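S.K.: Pasting in a structure now, in structure tokens, and then I'll have a few things to ask.
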């Protein structure tokens with residue numbers, strides 16, 4: 001850390017060491033230095049643990065998120081309504097990739113989705129691992145990604161492609177071996193800057209924090225969810241929802257019955273590695289998946305569609321199931337990638353023939 005940076009941040013570190021909370025502006029200043037690699041590993045670790053021990057505040061999380069967004073690769077934000085559906089990861093349950101499937105099905109039902117994602121955190125497969133296994137180009141230019149959003153109603157934004165600054169914290173985060181404020185930033189740092197989102201969190205106590213943070217960041221309509229240990233809406237347990245809408249925040253609980261869906265045990269949606277989850281997803285998009293997989297996606301798509309004015313959750317879930325049965329999401333995926341996909345998980349391309357599961 002340079003002498004100038006050390007001098008400007010010294011009052012902030014002193015406040016942290018005293019157990020005081022940072023303002024949003026102070027947090028932005030601190031994390032702006034972090035994202036530029038101007039904070040030493042020792043000071044970074046001290047700052048992260050200081051915030052963790054007393055609990056991060058919405059202002060601190062918002063300041064950190066805005067700092068990373070300020071330094072992100074530029075993406076031309078559309079003037080039409082669009083949303084993200086994304087989780088923090090870190091629930092450690094190794095389920096199938098629900099949010100990725102939900103983004104595809106949701107886009108085939110009328111939503112417009114700019115999905116922010118990364119590789120796996122604690123599970124075998126993150127959204128980007130699965131997308132890469134499907135042949136999706138994770139390194140499209142922002143202009144190409146925006147064109148996909150305009151034309152296909154969906155685009156995927158690979159976090160490391162847009163946020164180079166996270167690398168400066170990678171070593172410290174790995175050595176700390178505990179969750180920190182960084183584990184909350186993924187859903188809040190979509191470079192497309194949506195005003196609407198379904199955000200999953202790894203612990204039920206975080207739903208209000210994330211909703212308050214989203215409010216500070218200017219989001220208009222957000223559903224923060226946690227279901228039975230999952231950072232998604234669940235079939236095996238009630239789902240806690242904290243909803244931000246037009247500046248107001250309320251928390252309530254939803255069950256599968258509220259969506260007209262059946263309960264299923266968590267074991268019914270266990271996932272595997274990227275190739276296994278590719279096969280699982282393609283089986284579902286062909287309309288041949290077990291009910292638990294179909295319903296796990298439908299319950300989350302129903303919430304996504306609510307962000308676009310479709311208020312009836314049962315109708316939304318039914319529309320999602322219909323889109324799956326009619327293979328509309330499969331057609332969308334094939335349009336995006338230029339590939340054709342078999343029900344058994346093979347990828348057929350005009351130049352490569354068939355890529356079989358390893």
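Using the three backbone atoms N, Cα and C, a Cβ is placed for every residue, glycine included.
Taken from TrEMBL, the feature 5-phospho-alpha-D-ribose 1-diphosphate binding site covers 87, 90-91, 95, 97-100, 115-123, 127. Per TrEMBL, the feature anthranilate 1 binding site maps to 87, 118. The Mg(2+) 1 binding site annotation in TrEMBL covers 99, 232. Taken from TrEMBL, the feature anthranilate 2 binding site applies to 173. The Mg(2+) 2 binding site feature in TrEMBL is assigned to 231, 232. For 10-70, the entry in TrEMBL reads domain 'Glycosyl transferase family 3 N-terminal'. The domain 'Glycosyl transferase family 3' annotation in TrEMBL covers 80-327.
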S.K.: Could you round the CA separation between residue 119 (5-phospho-alpha-D-ribose 1-diphosphate binding site) and residue 231 (Mg(2+) 2 binding site) to a whole angstrom and send it over?
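M.R.: Taking the Cα atoms only, residue 119 (5-phospho-alpha-D-ribose 1-diphosphate binding site) lies 15 Å from residue 231 (Mg(2+) 2 binding site).
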S.K.: Please identify, among the binding-site residues 99, 118, 173, the one with the smallest Cα-Cα distance to residue 231 (Mg(2+) 2 binding site).
M.R.: 99
S.K.: Which Cβ among the binding-site residues (95, 99, 118) has the fewest C-beta neighbours inside 10 Å?
M.R.: 118
S.K.: Please report how many Å separate the Cα atom of residue 99 (5-phospho-alpha-D-ribose 1-diphosphate binding site) from that of residue 173 (anthranilate 2 binding site), as a whole number.
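M.R.: Just about 25 Å between their Cα atoms.
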S.K.: Sequence order is fine: just name those binding-site residues in 87, 116, 118, 173 with a Cα within 10 angstroms of residue 232 (Mg(2+) 1 binding site).
M.R.: 87
S.K.: Can you give me the average pLDDT across the domain 'Glycosyl transferase family 3' (80-327), rounded to a whole number?
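M.R.: Mean pLDDT, the domain 'Glycosyl transferase family 3' (80-327): 95.
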S.K.: Can you tell me how far the Cα of residue 95 (5-phospho-alpha-D-ribose 1-diphosphate binding site) sits from the Cα of the residue listed as 'anthranilate 2 binding site', in Å?
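M.R.: Answer for this pair: 24 Å between alpha carbons.
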S.K.: Using DSSP and three states only, what is residue 99 (5-phospho-alpha-D-ribose 1-diphosphate binding site)?
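M.R.: DSSP call for residue 99 (5-phospho-alpha-D-ribose 1-diphosphate binding site): helix.
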